[in-house]
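What Swiss-Prot says about this one:
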type: ACT_SITE; residues: S768; note: active site, charge relay system
type: ACT_SITE; residues: D845; note: active site, charge relay system
type: ACT_SITE; residues: H878; note: active site, charge relay system
type: COMPBIAS; residues: 9-23; note: compositional bias 'Basic and acidic residues'
type: COMPBIAS; residues: 31-43; note: compositional bias 'Polar residues'
type: COMPBIAS; residues: 47-58; note: compositional bias 'Basic and acidic residues'
type: COMPBIAS; residues: 92-104; note: compositional bias 'Basic and acidic residues'
type: CARBOHYD; residues: N231; note: N-linked glycosylation site
type: CARBOHYD; residues: N364; note: N-linked glycosylation site
type: CARBOHYD; residues: N827; note: N-linked glycosylation site
type: REGION; residues: 1-104; note: region 'Disordered'
type: TOPO_DOM; residues: 133-924; note: topological domain 'Vacuolar'
type: TRANSMEM; residues: 112-132; note: transmembrane segment
Amino acid sequence: MPPFTYSDDTLRSGRDRFRDHSPSQHRRSMSQETDSSASTTSIVFDRIQERLDTKEFTPRGTDGDDDGSLKDELNNDDLETGPFLGNADSSSRSDQRSPGDGQRMDRSLRRWLFIVSGVLVATWVIGLFVFVSSKAYKPSSSFAHDPQATVTHGTGKKVTLDQVLNNQWRAKSHSISWIAGANGEDGLLLEKEGVGKDYLVVEDVRAQNPSSVQASKSKALIKEKLFEFANKTYWPSITVPSRDLKKVLLATDVKNNWRHSYYAVYWIFDVETQQVEPLVPYDVEARLQLASWSPTSDAIVYTRDNNMFLRKLGSDKIVQITRDGSADVFNGVPDWVYEEEVLASGVATWWSEDGQYVAFLRTNETGVPEYPIQYFVSRPSGEEPKPGEENYPEVRQIKYPKAGAHNPIVDLKFYDVKRGDVFSVDISGRFADDDRLITEVVWAGKQVLIKETNRVSDVMRVVLVDVGSRTGKAVRTVDVNAIDGGWFEISHKTKFIPADPVNGRPDDGYVDTIIHDNGDHLAYFTPLDNPEPIMLTSGDYEVVDAPSAVDLQRNLVYFVSTKESSIQRHVYQVKLTGEDMTPVTDTSKEGYYAISFSTGAGYAMVSYQGPDIPWQKVISTPSNPDKYEYVVEENKDLAEAAKKHELPINIYGTINVDGVDLNYVERRPPHFDKNKKYPVLFQQYSGPVSQTVKKTFAVDFQSFVAAGLGYICVTVDGRGTGFIGRKNRVIIRGDLGHWESHDQIAAAKHWAQKDYIDEDRLAIWGWSYGGYMTLKTLEQDAGQTFKYGMAVAPVTDWRFYDSIYTERYMRTPQTNLEGYDSAAVTNATALSQNVRFLLMHGVADDNVHMQNSLTLLDALDQRSVENYDVHVFPDSDHGIYFHNANRIVFDKLTNWLVNAFNGEWLKIANAQPNGMKKRAAPTA
């Protein structure tokens with residue numbers, strides 16, 4: 001279960017039920033408000049003085065109409081044409097007064113008004129002085145976003161749910177498709193649909209800066225966006241150039257399969273002639289699952305109907321590599337669970353660098369049970385129902401291995417392009433078929449590094465296969481039970497380091513992430529079969545998804561780590577000897593960075609993601625003697641919006657629970673007042689190795705809750721989450737839900753003791769694993785601390801989730817039945833002690849099946865528990881998007897939370913009928 005993040009990409013636009021009904025008030029800037037406030041006071045004084053100085057000011061006697069008439073005049077924008085303070089009866093009443101009385105009243109009123117005016121002027125001057133000296137008059141547009149701010153400066157517009165759902169707060173970001181030149185040139189990128197350029201161009205990254213004189217000339221690969229074949233027009237949505245840049249593989253008519261995989265029609269485009277031909281000559285409309293170039297640019301391997309084929313360029317001949325592909329046997333592409341949990345990709349094919357061999361995964365899921373996904377509204381297959389079946393839902397059967405069920409059997413196969421045969425290499429000591437996961441495949445010259453684990457991911461073997469001799473051996477075996485009792489996370493970042501004796505590398509090797517110093521650290525293994533590495537990093541921090549790049553010319557390894565702080569990310573470099581680790585990004589300031597390197601590591605796209613306004617720039621790296629820097633994105637519009645809006649005040653810190661320091665962020669409403677008592681919404685994900693508290697810029701749903709609704713929103717990353725040390729991570733092994741919920745409850749009790757918190761209005765919410773944790777926390781707390789909860793697409797019993805993810809943390813139900821029973825959400829009586837909770841789920845969720853929510857509902861029914869609301873979404877998967885569903889999710893969360901904190905749900909228990917209204921009397 002990869003962390004489900006309700007990022008801006010996840011949110012969809014729609015009707016805002018909390019739209020401001022007086023938009024002009026919010027559109028007004030602070031400067032306008034300040035001007036109007038000051039000028040209104042002046043206008044009042046000017047109006048009084050104007051009337052005092054004119055003949056029209058003829059005060060009346062002391063009858064009861066005077067005050068009302070004065071107020072009416074001061075509030076009237078239209079000047080009267082008759083006597084000031086006059087009305088229809090003024091002449092008749094004034095005729096009854098004596099001239100002497102009128103003059104005495106005039107002087108008396110004048111004296112009184114001057115005294116009052118003097119006092120008001122003095123008060124106004126003093127107030128103006130204080131106002132100006134405090135600089136509180138400054139409009140929000142004068143204050144740049146300050147992530148360190150602990151108070152709100154000025155005033156501004158409110159953050160709205162519409163803005164969040166419409167991605168108005170999403171930082172603009174760019175990605176670079178780095179590509180090596182035909183002769184190995186570094187710093188080239190692939191640009192599609194550039195302004196004023198051909199459709200697909202290879203360009204020197206330095207050409208992005210108009211003032212650069214070093215940039216090489218760009219090369220157009222595809223000039224026109226559309227192409228024609230057999231009198232039909234096509235548009236390529238995917239373009240993949242060959243390494244020699246002479247051909248481009250095009251994909252049209254792309255249709256998604258699962259999270260990463262898709263089907264498409266493929267074409268070969270010739271750069272020189274700008275002509276196209278179908279990849280499958282005899283079947284122009286053939287829909288393929290995968291196609292990939294040989295590194296030598298002379299062949300393409302593809303998968304169709306789960307069988308693999310090879311086409312050599314310059315020939316229409318198709319060579320069939322496998323013949324056993326079927327609905328249950330996959331070649332070169334993963335099945336559902338391997339795509340979702342192991343490869344995080346639709347690709348299970350790997351070319352050797354010399355183009356002589358193809359390694360591929362063969363997956364046999366014959367023994368894997370099926371799970372039906374029902375579609376009641378749509379027909380994702382695109383097929384029309386058979387006559388008489390129009391009123392039945394479409395059902396898609398997925399081979400889905402739940403915890404403890406049969407796993408797919410995987411084997412790594414090799415195809416020898418020259419010999420034309422498929423072979424495998426048997427290695428002694430391998431895991432049994434139903435106890436084997438193949439998690440990573442890396443070519444190392446003529447050899448292949450293969451990582452495999454047992455099915456519960458606590459024993460790993462690194463296997464080295466020589467495809468020339470067709471032999472292999474295990475070069476490293478690690479039992480994590482002997483280290484800390486945890487598990488191995490899957491990684492695809494192992495980097496092959498070829499030998500270069502002249503450059504100080506006598507043997508081939510590889511850089512990998514291993515368990516060291518209570519965390520994940522980088523290690524360099526050389527030669528390939530050496531089980532003892534050179535440690536490149538060590539200490540009380542961790543590397544993140546490392547390494548990022550390797551500079552083979554200068555023996556430098558680049559990586560991202562938490563060295564400065566567990567909630568920050570900075571980029572570093574270190575030599576392959578483990579010496580001279582230095583930062584690439586500015587560590588003197590807080591920062592959360594991501595980085596993308598060119599193929600030769602001489603250039604990089606640096607992405608600053610927070611805590612201030614995000615920006616991006618391309619730089620030359622320490623590997624490049626020619627200095628270069630170009631700002632790609634500054635997000636000026638976002639910075640301007642941040643100035644004009646009242647954003648939440650984000651307070652970061654740690655809370656100590658059972659001797660463990662846990663990171664938190666508390667989002668406070670603008671103009672936070674410590675003398676008030678605020679409701680609190682706890683938002684969390686809490687999944688193993690995940691992280692939600694981090695120093696990034698984000699205006700998301702949680703920000704809206706704080707800045708738009710005026711509640712406090714807290715996130716605490718409890719034990720089991722990432723980057724707080726393996727000791728605090730692996731404590732959850734075999735017992736999911738216990739420590740995570742314990743930490744959320746402890747945090748809630750801590751906040752409940754704060755003077756500015758309303759302890760009777762605490763709620764918690766989450767999606768996916770966060771939904772599970774919401775329910776588990778409510779169950780464990782039983783209404784003592786949390787009163788409300790909102791769970792979206794939750795797991796409720798880990799026996800219902802997929803085997804590879806679940807067993808990594810829980811082992812199998814056969815060996816840990818007590819742990820599975822404890823981890824399930826089953827205590828309906830405890831849930832009944834909460835005031836109320838909300839449950840939402842997509843009916844067509846292929847990841848966390850609807851079975852989870854339905855089973856919980858049945859348990860609640862059996863105990864006659866009714867303090868909950870349910871909303872299901874037909875045909876929606878785990879993201880819940882179908883037919884405006886995502887918008888409704890967040891509308892529902894908002895409305896439900898407001899009702900909860902307003903006490904509406906307190907009125908539901910033991911509801912009694914109101915008295916009947918009397919019928920209106922009939923009219924005559």
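Quick reminder: no glycine exception, Cβ is built from N, Cα and C everywhere.
Recorded features from Swiss-Prot, shown on the structure.
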residue: N231; record: N-linked glycosylation site; DSSP (3 states): coil
residue: N364; record: N-linked glycosylation site; DSSP (3 states): strand
residue: S768; record: active site, charge relay system; DSSP (3 states): coil
residue: N827; record: N-linked glycosylation site; DSSP (3 states): coil
residue: D845; record: active site, charge relay system; DSSP (3 states): coil
residue: H878; record: active site, charge relay system; DSSP (3 states): coil
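The local packing around N231 (N-linked glycosylation site), expressed as other Cβ atoms within 10 Å of its Cβ over all shown chains, amounts to 5.
All protein chains shown were included, and the count of other CB atoms within 10 Å of the CB of S768 (active site, charge relay system) stands at 25. Across the structure, S768 (active site, charge relay system) and H878 (active site, charge relay system) place their CA atoms 8 angstrom apart. The Cβ neighbour count for N827 (N-linked glycosylation site), using a 10 Å radius and every protein chain shown, is 16. If you take the Cα of N364 (N-linked glycosylation site) and the Cα of N827 (N-linked glycosylation site), they are about 38 angstrom apart, rounded to a whole number. Close to D845 (active site, charge relay system) in the fold, though at least 6 residues off in sequence, lie I373, A793, S876, D877, H878, each with a CB less than 8 Å from its CB. Its Cβ placed at the centre, H878 (active site, charge relay system) has 20 other Cβ atoms within 10 Å.
Taking the Cα atom of each, N827 (N-linked glycosylation site) and N231 (N-linked glycosylation site) are about 65 angstrom apart. Here the topological domain 'Vacuolar' (133-924) has a mean pLDDT of 94 out of 100. Other Cβ atoms within 10 Å of the Cβ of N364 (N-linked glycosylation site) number 17 in total over all chains.
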